[in-house]
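Here is the structure we will look at, set down as structure tokens.
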């Protein structure tokens, strides 16, 4: 049900006051534009999405001279707008500043909040899907439409031949899990939940009369513990779930049953599990889950919380690279993140003169802690960061960036978790005043293997990475007796990620495509290369459902890229004005990256 919060701010008696209403017929807010000036916020407008299609809102107010600030919300990654803080001043007769908060991050403050009255638009457990308000010379008031947040349903893994069961998703949390296991696999599962603040006893799914061993797991509600993912093991021959490995946000792993059979994963980008469903008869045959969003796990800033705040957010899968600029103290720090398979660098926040890098072996390596030192506070109680050191899940330690001067030590760390986003404050001198982080339990990482590239000599190296779930489409450009160009489109978390161009597209006379279904995956690549030109002359792809045509010249292969019981989820190689080499990243069948 849609809930409307009335507009708050200044109520004007001016005849020229204009009321406006974008309505509530939207699925999400996707982008916000705020235009301000010396006298406050002059205009505002919003972009929305409805049924997967973008919808531009109207401009409210006067879009004249001033500054424009924007805030984008990535609804494709499960991000949505939770609340708005707005500041108004009756003396200046208008709204002066505004700040937006999503389930993953907080925007910068747009405008000036000095000596203003603040109000908040928020409803617990709901998201904003539309706005209304009024304006005259400035934006005078603002209200919003809210709707309940729909849970994410992950379909069952395993066999669907037995009786279907569904515990539903109208719970706040999982309370207790009980599993009866035997030699044949898991015989039954029973889950208790918290609903409306009270314990709800679950039903037995499967056969409760068999012999076996009973295992139990309790979720600590007093410590705000919740389940974040489940790894499962399924035996195709018996069509039975053999084992379930549950992981909580407090790094409390519990294995029930055996690690036997084909591995699968139920996870949703750091969200929490609020319900289960599946199929069961004489045993548990399949298993699925419902997820809801959670408040980000946040480590507060260490240092001086004065100055200009910045917030990268927590909607990333991990950190690939760290950039630190320092001469004596820490002048700047920024990060390169994996955002759903796409590389995303945070912007420069000041000029850099001595920036250095620390590169991680992502997705097999994560930042687990940051150690730093703070300058001794001055007479004005001012401090700043002198040094930073990063530690990883592989036991590596970065060089110490910054000054070796003594100071107060601090650590950003959560046992068993990866740091996946950062926030902080920049001082008036544009040095780093403080640093905080977002964390989530280290996700289960498969044995990602990189099969070496095959082909001829020449070209520059490239690598799309190996953190995708599957390949969606392949573009192949043919030149004169050579493959001149390739490009790959990948799937990650139901989102299409577009890879870079490799080779020379303009010199390719024919541009061909190979398209795969959503449940299709590549298991091998074969090809041929020419020793004289150093270029690959033919490629052919095999999936679990079909073989592609021969792309190029000839049908005889002199190399094959394949690993048994694995699927190809990424490509790397070398190219110039042609494709010289091609290699692949593979993961075990059935695994899916969070």
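The backbone N, Cα and C atoms fix where each Cβ goes, and this holds for glycine too.
Whatever TrEMBL says is automated annotation, not expert-curated.
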Given the ranges 1-23, 24-46, which one is assigned the annotation region 'Disordered' in TrEMBL?
1-23
DSSP tally for the domain 'Jacalin-type lectin' (151-293), helix/strand/coil in that order, comes to 3 helix, 90 strand, 50 coil
DSSP-assigned states of the domain 'Jacalin-type lectin' (296-441) in counts, ordered helix, strand, coil:
0 helix, 84 strand, 62 coil
Can you work out the mean pLDDT of the predicted model over the domain 'Jacalin-type lectin' (151-293)?
92
